[in-house]
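Residues annotated as active site, proton donor in Swiss-Prot, with sequence analysis given as evidence: Cys73. Feature annotation from Swiss-Prot assigns active site, proton acceptor to Cys217. The annotation substrate binding site is assigned in Swiss-Prot to Asn11, Gln44, Asn64, Gly74, Asn75, Asn157, Asn190, Glu208, Arg209, Gly218, Ser219 on the grounds of sequence analysis. Under the heading site 'Important for dimerization', Swiss-Prot lists Tyr268, citing sequence analysis as support.
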Amino acid sequence: MQFAKMHGLGNDFMVVDAVTQNVYFSPELIRRLADRHTGVGFDQLLVVEPPYDPDLDFHYRIFNADGSEVAQCGNGARCFARFVRIKGLTNRRDIRVSTQNSRMTLHVGEDDRVTVNMGEPQFEPGRIPFKAAKAEKTYILRVAQQTVLCGAVSMGNPHCVLQVEDISRAQVELLGPSLESHERFPERVNVGFMQVVERSHIRLRVYERGAGETQACGSGACAAVAVGIQQGLLDEQVQVDLPGGTLHIRWPGPGTPLLMTGPAAHVYDGFIHL
């Protein structure tokens, strides 16, 4: 099986063309391939498939390193867009794709930076999903013998966002796993730790559901900005600094889609016997 290794700001992917190759991935095989010592090693596996809908260009599936399938990955979407152009599967600069539960339009710029229309952030608890009587800008959660304040939003996948004073001292390893599996998030959750530098600039670390802390999380950056805007902390256009690099997010507000722009790097092509 042929594959490519790619990354978006250090969030790394094994990308497989299932348009021209016949492939099947069991959770056990994915876990084996994800192992950084004995396999290929990656945060997520991206599988490019023919479109399920004739109005779209492709469908793509996203699997975490633990073998679980997820519905959204912002960094993965950017790598996906570059992959299908590099491999000659399309020459379009505007690419329409579906994922497990959403549709997106991806634009590949002249500089190979990719802008992803991530759709409108969803704050309604039932759509995240999050157990709450009604939507609030801030929720109080009891976790790891602490009381924390957080925002909750779906960007096609569930996110919990905490504001912290200093990102370097955030309790990512303590609060990340505890919040990820908190009982009020029935499908588990990605946890963002956001430091507001100014209204147009944040620093962010993300503990990803099924993957742990990563170098960058595109949907996590989108979620943090959406929550920050909803809470009145941020402006419409925000620079997000992650450990792996910088993303630019724009969200005019409710009723409009959120746009994420950032790089996607092709590292190497490989072949593996399954």
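Residue positions begin at 1 at the first shown residue.
Yeah, the Cβs are placed from backbone N, Cα and C, and that goes for glycine too.
Sequence-distant contacts of Asn64 (substrate binding site), defined by Cβ-Cβ distance under 8 angstroms and a gap of at least six in the same chain, are Asp43, Gln44, Val70, Glu208, Arg209, Gly210, Ala211. DSSP gives Arg209 (substrate binding site) a coil state; it is part of no helix or strand.
Just so you know, of the active-site residues Cys73, Cys217, the Cβ with the fewest other Cβ atoms around it within 10 Å is the one at Cys73. In the three-state DSSP classification, Asn75 (substrate binding site) falls within a helix. If you take the Cα of Asn75 (substrate binding site) and the Cα of Cys217 (active site, proton acceptor), they are about 6 angstrom apart, rounded to a whole number. Those same-chain residues not listed among Asn11, Gln44, Asn64, Gly74, Asn75, Asn157, Asn190, Glu208, Arg209, Gly218, Ser219 yet with C-beta within 8 angstroms of the centroid of the substrate site C-beta atoms are Asp43, Ile62, Val70, Gln72, Cys73, Gly76, Val206, Ala211, Thr214, Cys217, Gly220.
For the binding-site residues Asn11, Asn75, Asn190, Ser219, counting C-beta atoms within 10 A of each C-beta gives the highest total at Asn75. Tyr268 (site 'Important for dimerization') sits 21 Å from the residue listed as 'active site, proton donor', taking the Cα positions as reference. For the pair formed by Asn11 (substrate binding site) and the residue listed as 'active site, proton acceptor', distance between Cα atoms is given as 7 Å, rounded to the nearest Å. Take the CB of Tyr268 (site 'Important for dimerization') and look out to 10 A: across all protein chains shown you find 8 other CB atoms. Annotation note: Ser219 (substrate binding site) sits in a helical segment as assigned by DSSP. Calculated from their C-alpha atoms, the gap between Cys73 (active site, proton donor) and Asn190 (substrate binding site) amounts to 11 Å.
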